[in-house]
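Engineer: Dumping what TrEMBL says about this protein:
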type	residues	note
DOMAIN	18-316	domain 'Major facilitator superfamily (MFS) profile'
TRANSMEM	21-46	transmembrane segment
TRANSMEM	66-87	transmembrane segment
TRANSMEM	96-114	transmembrane segment
TRANSMEM	120-148	transmembrane segment
TRANSMEM	160-181	transmembrane segment
TRANSMEM	187-208	transmembrane segment
TRANSMEM	277-300	transmembrane segment
Amino acid sequence: MSQMTSMDVIKDELTKKAATVQVTVSLLASLSVTSSGIGFGYPAITSQLLSEPDDIDNIVLTQSEISWFASITAICCPIGSLASGYLSEKIGRRKTLMLVNIIAITSWLIIGFSSRQDAFIFFIELMIGRALIGITIGMITTPTVMYCSEVCHPKIRGRMTVLSTPFFISFGSLIAYLLGYCIPKDFRLVSLIAAGMTVATFIVLFFIPESPVYLVTKNQKEKARSALAKLRDLSASDSRIDTEIQRIEELKRSATKHNSIFSNFKEFGKPELYQPFFIMTAFFAVQQFCGIFVILVYAAQFSIEAGVAIDAFLSA
């Protein structure tokens, strides 16, 4: 039940250089979350445009179609969530993040190059693009949090895990609103800019190491040794690297031994597991039922209907 992290097995102090490396790779991995944040905020800057004809095309969506455009991401999120855990274990945290970026790039390009003549094709393209964005939103959290927790020392793990998802989701939403303010009449251009940003985050992933925990569990010890050396600011031949790999293997054997459904339920009966689980479940339930998703999606529309004097996107 407990997550295995490579940094748990080393008890020495965290050096400044090692901390810098761990923070850097965690932030670079977390940049992939930004696209999902833009996906959250994107309907807020497009809903009004889709309901009115403009100088570029005369395609107008009905209120029902706009509602589907805004909500299909939430419907598709569980698909990504169900796939992310399996993929993170099967192909690795880093490659899963790469896959998420590829799906996100595809979704933004579909919207960016959507039809300007045929209303039906235009709507279908929007729905496909938004559905793919929903899948990426569901997929992104698991590999990002796993990666950050597995590469970071306990002293900085909590802070980096918090930054990995909530901060970059909010950051992405802010970017969406800013783009809506700066480019108020062209949602396709905003989508293409989002695609370009996602391409950049995809490229960045080639320059960070895979999680050493994943590499050890797949018996790729030399790659794990190289990754640990970079993350710990140690020589690859340092005996502490060997010790860490051995302890990760021990944790792997222990986790495999106690991986039955019965043992998992037995572990869940411990207060240190079920108490934080119920606290976080209650927290997320309250968060969702407070209407945070609706606010993110319709923030600009709320400002318009409330008669706010300043620009709706700037207000959002």
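Keep in mind that glycine also has a Cβ here, set from the backbone N, Cα and C atoms.
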Engineer: Flag the pair the transmembrane segment (187-208) / the transmembrane segment (66-87) as in contact if three or more Cβ pairs fall under 8 Å (sequence separation 6 or more).
Structural biologist: no
Engineer: For the transmembrane segment (277-300), which stretch among 21-46, 66-87, 96-114, 120-148, 160-181 has the most Cβ pairs under 8 A?
Structural biologist: 21-46
Engineer: So, taking each listed stretch (21-46, 96-114, 120-148, 160-181) in turn and counting its Cβ pairs to the transmembrane segment (66-87) that are under 8 angstroms, which one gives the highest count?
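Structural biologist: Out of the listed stretches, 120-148 contacts the transmembrane segment (66-87) most.
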Engineer: Give residue numbers and ranges for long-range contacts of the transmembrane segment (120-148): same chain, 6 or more residues beyond its ends, CB-CB under 8 A.
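Structural biologist: Same-chain contacts beyond the flanks: 3, 26, 29-30, 32-33, 35-36, 39-40, 42, 59, 61, 65, 68-69, 72-85, 87-88, 93-94, 96-97, 99-100, 103-104, 106-108, 110-111, 114, 157, 160-161, 163-165, 191, 211.
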Engineer: On the 0 to 100 scale, where does the mean pLDDT of the domain 'Major facilitator superfamily (MFS) profile' (18-316) fall?
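Structural biologist: Average per-residue pLDDT within the domain 'Major facilitator superfamily (MFS) profile' (18-316): 87.
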Engineer: May I ask for the residues of the chain that lie six or more residues beyond the transmembrane segment (21-46) and have a Cβ under 8 Å from a Cβ within it?
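Structural biologist: Hits for the transmembrane segment (21-46): 69-70, 73, 93-94, 97, 100-101, 104, 107-108, 130, 133-134, 136-137, 140-141, 144, 147-148, 151-153, 156, 160, 163-165, 167-177, 179-180, 184, 187, 190-191, 194, 197-198, 201-202, 204-205, 207-209, 230-231, 233, 293, 296-301, 313, 316.
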